[in-house]
Amino acid sequence: MASNQQSYKAGETRGKTQEKTGQAMGAMRDKAEEGKDKTSQTAQKAQQKAQETAQAAKDKTSQAAQTTQQKAQETAQAAKDKTSQAAQTTQQKAQETAQAAKDKTSQAAQTTQQKAHETTQSSKEKTSQAAQTAQEKARETKDKTGSYLSETGEAVKQKAQDAAQYTKETAQNAAQYTKETAEAGKDKTGGFLSQTGEHVKQMAMGAADAVKHTFGMATEEEDREHYPGTTTCTTQSTDPTRHTYEKEVRITGTIYEPSFFCFNNVMCLCFVISVVSLCL
């Protein structure tokens with residue numbers, strides 16, 4: 001029985017010892033597990049911190065690189081903008097200079113063209129004015145000449161009729177006188193015919209002078225002797241070819257042309273000459 005108790009006590013002691021050992025082992029395991037957990041947690045924290053530090057460093061490096069790159073880009077863009085702005089400014093100045101030169105050239109051309117036009121217009125106006133003045137002078141000369149000829153035409157015609165009548169009456173008187181003296185008798189023929197011939201000769205010369213005066217063939221002295229009212233005028237005219245010529249006409253009180261009565265005077269002169277020939 002004693003041995004059973006001893007065995008029971010020994011077993012109880014062993015059980016307690018085992019229990020204590022198990023508790024101690026459990027406690028140690030718990031502590032070891034706790035230490036492991038702490039170590040793992042510490043390692044994780046360290047790793048996390050290392051990762052955070054590395055990420056922070058990486059972020060800082062990336063940010064610095066980005067900042068540097070951005071600054072480089074900004075610097076390059078600023079330089080590019082400045083270069084482009086300088087090029088645009090240079091191009092704009094060149095365009096403005098070219099436009100100014102073009103404007104000056106165009107203005108100078110317009111001024112030259114305007115001056116040429118004004119000079120041409122002035123010359124044209126002067127030429128037109130000179131032509132108009134010449135035309136007016138020619139018209140005035142023509143009007144004066146036409147009026148003068150119109151006024152003198154009737155006087156010329158009247159003078160021609162008077163001269164023709166004078167020549168006709170002179171010839172008739174000579175014929176009548178010759179006829180009357182021829183009937184006076186044959187015994188007085190010699191002396192009478194001599195006187196008659198002289199008288200007829202004088203009348204014929206008077207008729208001839210009248211005809212010469214009519215034709216404008218008499219001299220100025222003869223005109224003044226037989227026709228005291230006779231004057232001599234000189235007319236000057238200019239033809240279209242600018243050749244100037246003078247025409248001298250002897251008139252009795254006015255200008256006339258002999259063509260109006262040329263035929264009658266010639267007939268009267270022939271009649272007088274025939275009578276003189278018969279008497280002589």
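Yeah, the Cβs are placed from backbone N, Cα and C, and that goes for glycine too.
For 1-156 (among others), the entry in Swiss-Prot reads region 'Disordered'.
Remote same-chain residues near the compositional bias 'Basic and acidic residues' (28-39) are listed as none (criterion: CB distance under 8 Å, separation of at least six residues from the stretch ends). Annotated compositional bias 'Basic and acidic residues' per Swiss-Prot: 28-39 (among others), in sequence order.
Looking just at the repeat 'LEA 11-mer repeat' (31-41), the mean pLDDT is 83. Taken from Swiss-Prot, the feature repeat 'LEA 11-mer repeat' covers 31-41 (among others).
The compositional bias 'Low complexity' annotation in Swiss-Prot covers 40-114 (among others).
Counting residues 6+ beyond its ends, the repeat 'LEA 11-mer repeat' (53-63) has no Cβ neighbours under 8 Å in the same chain. Positions annotated as repeat 'LEA 11-mer repeat' by Swiss-Prot: 53-63 (among others).
Among the features that Swiss-Prot reports, repeat 'LEA 11-mer repeat' is placed at 75-85 (among others). For the repeat 'LEA 11-mer repeat' (75-85), residue counts in helix, strand and coil come to 11 helix, 0 strand, 0 coil, using DSSP.
Look at the repeat 'LEA 11-mer repeat' (97-107): DSSP puts its residues at 11 helix, 0 strand, 0 coil. Taken from Swiss-Prot, the feature repeat 'LEA 11-mer repeat' applies to 97-107 (among others).
Swiss-Prot lists 115-127 (among others) with the feature compositional bias 'Basic and acidic residues'.
The annotation repeat 'LEA 11-mer repeat' is assigned in Swiss-Prot to 119-129 (among others).
According to Swiss-Prot, the compositional bias 'Basic and acidic residues' annotation covers 136-145 (among others).
The region 'Disordered' annotation in Swiss-Prot covers 220-241 (among others).
Positions annotated as compositional bias 'Low complexity' by Swiss-Prot: 230-239 (among others).
Under 8 Å from some Cβ of the repeat 'LEA 11-mer repeat' (75-85) lies no Cβ of any residue in the same chain that is six or more residues away from its ends.
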